[in-house]
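Right, one structure below, let's go through it.
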């Protein structure tokens, strides 16, 4: 008996993990059909590659790459079934839907790389054109066309079906659409087949087979071998032009961008959310495509202090859930601060707060930075000021004035030319009170005169 290791996780290799997931997919009966088509696809690819070598035709090689792309599409379909079986985990909290987006992006990019390889080989063949044998050229064309159409029409590939409809049209589809409108104008019954636009994969299969048939006839009639290279270039360009819009669309999904066709609907929903009862502001909104047909988003909502958080959260979620299936809403209340009425406490036996104005004086700097003579910041290198007054500048308390007048700015001052000494000795003028009563300003050592102004003011 071996040693028992407690709390030890079993470490699987990469091959073991892939085998386990493959068994999980193979247990579903829907995947048996895809596995069967995958096995037939591998057999066809083997025969086509041998015929490409025997005929020395690069056009047939370019057309064989479309069959290899069909194998990638079948693998993507298996990944789509696997994604539907898997549930979100702590590591992948949004689920595994982005795996099928990544599979579509990788398949289309590999198809474009194959097209670039064909263009490079075709450029070399223009310098030295080899002889083309047409013995199995036409047979390989029809075998590849039959299997490609059978795969595209028999197996429902959900990811590629969505991408082909959501992505922008290729130049081949646009030209065929113009031709189809002319044909449907003569024969209206064909509008259901050719309009609004054809399936891009079926279209490229038919166009590539037509190019190979033209190549076979020209070589058989005139021994014009250069047409094989020209057909290879045409098939490569059609492949690149068909796969490029799908790569762009799936790449934008991987970059978590907002789909252009839902921006208007999202703006409308956000305006409706901002008008809900209790909502003050909607900010930091971000929406992106999680997978094909799945939209995720997060938003911050600022509400009033007296609003019900759960009620606002329910209303916001109800409005946005019609478009955004995976939604995160953060609710936080308004963070305004009540203004303070006074900066210092006031004694209860002085006056009522409703009858007075409290004017807080501005705070001064630290006492060690002040000059005791001028109450200004002292600079060691600067010369002393020319005039120095004994002006109070430290420990100034708030001035409390009585507001008994009906005017908003009346503070009870006696405006006139009375000297300051009499004002400071008698206090501020207060109606109904004698000259001996009043409130002092809190200044302890105020001189009787500040200057020699003509009006008696400093």
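Glycine is treated like the rest: Cβ placed from N, Cα and C.
Annotated features in TrEMBL:
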- 35-255: domain 'Cation efflux protein transmembrane' (DOMAIN)
- 370-391: region 'Disordered' (REGION)
- 32-51: transmembrane segment (TRANSMEM)
- 63-84: transmembrane segment (TRANSMEM)
- 96-117: transmembrane segment (TRANSMEM)
- 137-155: transmembrane segment (TRANSMEM)
- 201-219: transmembrane segment (TRANSMEM)
- 225-244: transmembrane segment (TRANSMEM)
Report summary line: Stretch winning on C-beta pairs under 8 A with the transmembrane segment (63-84) (pool: 32-51, 96-117, 201-219, 225-244) is 96-117
Query - Positions whose Cβ lies under 8 angstroms from the transmembrane segment (137-155), at least six residues beyond its ends - result: 33-34, 37, 40-41, 44, 47-48, 51-52, 55, 57, 60, 63-64, 66-67, 70, 73-74, 77, 199, 201-202, 205-206, 208-209, 212-213, 215-216, 219
Requested in this report: Residue list, the transmembrane segment (96-117) vs rest of chain: Cβ under 8 Å, 6 or more residues beyond ends.
Outcome: 62, 65-66, 68-69, 72-73, 75-76, 79-80, 82-83, 86, 88, 159-160, 163, 236-237, 239-240, 243-244, 246-247, 250-251, 253-254, 290-292, 294
